[in-house]
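Only one structure is covered here, and it is reproduced in the block below.
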């Protein structure tokens, strides 16, 4: 099926080495994207990249802002967990549905609705007078982000092909990763600059400024939609939304309130809703209807392996930044700004390497680049663990820099090709599914990683102290590198058999 646009697109082997697998998906009919000419100018992409930055920035800035929020408006530990958890839950629960809505009604239109809503909700968060108002505002902010986010990769998939698509996906990875670190750097800086009362508010209000810029920029985007959109699967959307909501909120509350009774009940409800969702999707497909997440797409090896790898990657990425912030601020007593700036070279390495990912993929292929990335990540984590365990407390931030730079570069080599793998496996007719799948795995991975590995880190701090506990947590994360590498090798073998 083709999308309507002044330009067309393809799932190109040049763009994603595993993308030939996507052509085996039923209903996939790739388009051909002409090179930019006077009649076909290169599409405007910067608003989409800014949206990718904003989505991760809004999540990250809340982590560094929590102590100031507690001091200013008296938020309890449980409320503080929900400030992060409700955003993530609303975000994750709407991603897949909003991607499919974009396929039907227009991706530019949904992107504009999402960024416009983010302007309003970010102002509401920044001006919240009490914890209850803040929780409602954060939930609506997450819903607005869910409307915006899946349109980004769907637009790339539709309007670009070949090297142009690979470059756009690499930049998507760069802006997403830098947004995560930028939330800690910029958020910490604003809190230090304006103090506890207005610092955290300024951090959230900065999201409104970025959203406004993305909205204005989106006026220059070209509209695209599927000419044969799949019907919306209302029951599937409800079941998936309930499962993600229960998962994220349950994992957010468990470590601070105890796992019984509410968090355990929510996790049980998540399992039940996911089971019902899977049964409904298979039943809908067997009956000839269009499910929310077509099982035939999930069964494509590049798709399901890529989704699992995304979950593993973000479980480690989110947990590392969470543990780092606690070690720096709680363990060493660093101000939020210093904690964020310590990650400056890490973020720079991630950004620069992301820009070089297309060259690496051209030489090594997507899976080969991910194998290199996860190998370097394992080595750098060992370096961070050694530095954390042996560095004097006054020099800890300095000792972190060398392995931290390698770590940032390694994660960029993993993330960019991973996004390309999933995008290449999703048929163009349901292009909105690609961004939704990746972002859903992102939120689920971060929630599970922080809840489980973060809890393990807290246990270690009681007996080992923050520095040694952080070292042990990095060693545990090497195991996630092995899992990610196993997936990359599986993709490499799939490519070699074709």
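From the backbone N, Cα and C atoms, a Cβ is placed for every residue, glycine too.
Source: prediction; values computed, not measured.
What TrEMBL records for this protein:
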- 44-498: domain 'Major facilitator superfamily (MFS) profile' (DOMAIN)
- 78-98: transmembrane segment (TRANSMEM)
- 110-129: transmembrane segment (TRANSMEM)
- 135-156: transmembrane segment (TRANSMEM)
- 168-194: transmembrane segment (TRANSMEM)
- 200-222: transmembrane segment (TRANSMEM)
- 234-253: transmembrane segment (TRANSMEM)
- 259-280: transmembrane segment (TRANSMEM)
- 336-357: transmembrane segment (TRANSMEM)
- 369-387: transmembrane segment (TRANSMEM)
- 399-423: transmembrane segment (TRANSMEM)
- 444-464: transmembrane segment (TRANSMEM)
- 470-492: transmembrane segment (TRANSMEM)
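Only residues 6 or more beyond the boundaries of the transmembrane segment (470-492), in the same chain, are considered here, and those with a CB under 8 A from a CB of the stretch are 18, 301-302, 305-306, 308-309, 312-313, 315-316, 319-320, 323-324, 327, 331, 365-368, 370-371, 374-375, 377-378, 381-382, 384-386, 388-389, 414, 421, 453, 456-457, 460, 464. Here the transmembrane segment (259-280) sits apart from the transmembrane segment (336-357); fewer than 3 CB pairs are under 8 Å, leaving out pairs fewer than 6 apart in sequence. Taken together, the residues of the domain 'Major facilitator superfamily (MFS) profile' (44-498) have an average pLDDT of 88. The transmembrane segment (444-464) makes no contact with the transmembrane segment (135-156): fewer than 3 of their CB pairs lie within 8 A, with pairs spaced 6 or more apart in sequence.
A Cβ distance under 8 Å defines the sequence-distant neighbours of the transmembrane segment (234-253), meaning residues of its chain 6+ beyond its ends; these are 78, 81-82, 84-86, 88-90, 92-94, 96-97, 262-267, 269-270, 273-274, 276-277, 280-281, 284, 291-293, 440, 443-444, 447-448, 450-451. A contact links the transmembrane segment (399-423) to the transmembrane segment (336-357), because at least 3 Cβ pairs that are 6 or more residues apart lie under 8 A.
The stretches the transmembrane segment (135-156) and the transmembrane segment (336-357) do not meet in space: the count of Cβ pairs below 8 angstroms, excluding pairs fewer than 6 apart in sequence, stays at fewer than three. For the transmembrane segment (336-357), same-chain residues at least 6 beyond its ends with a Cβ under 8 Å from one of its own Cβ atoms are 64, 67-68, 166, 170-171, 173-174, 177-178, 181-182, 184-189, 191-193, 321, 324-325, 328-329, 369, 397, 400-401, 404-409, 411-413, 415-417.
Panel annotation: around the transmembrane segment (78-98), residues 55, 58-59, 62-63, 66, 69-70, 110, 114, 131, 134-135, 138-143, 145-147, 149-151, 232, 237, 240-242, 244-245, 247-249, 251-253, 255-257, 292-293, 432-433, 435-437, 439-440, 443-444, 446-447 of the same chain, lying at least six beyond its termini, place a Cβ under 8 Å from a Cβ of the stretch. For the transmembrane segment (369-387), the residues of the chain that approach it from at least six positions outside its boundaries are 309, 357, 360-361, 396, 399-400, 402-404, 406-407, 409-414, 416-418, 470-472, 474-475, 477-478, 481-482, 484-485, 488-489, 491-492, judged by C-beta separation under 8 angstroms.
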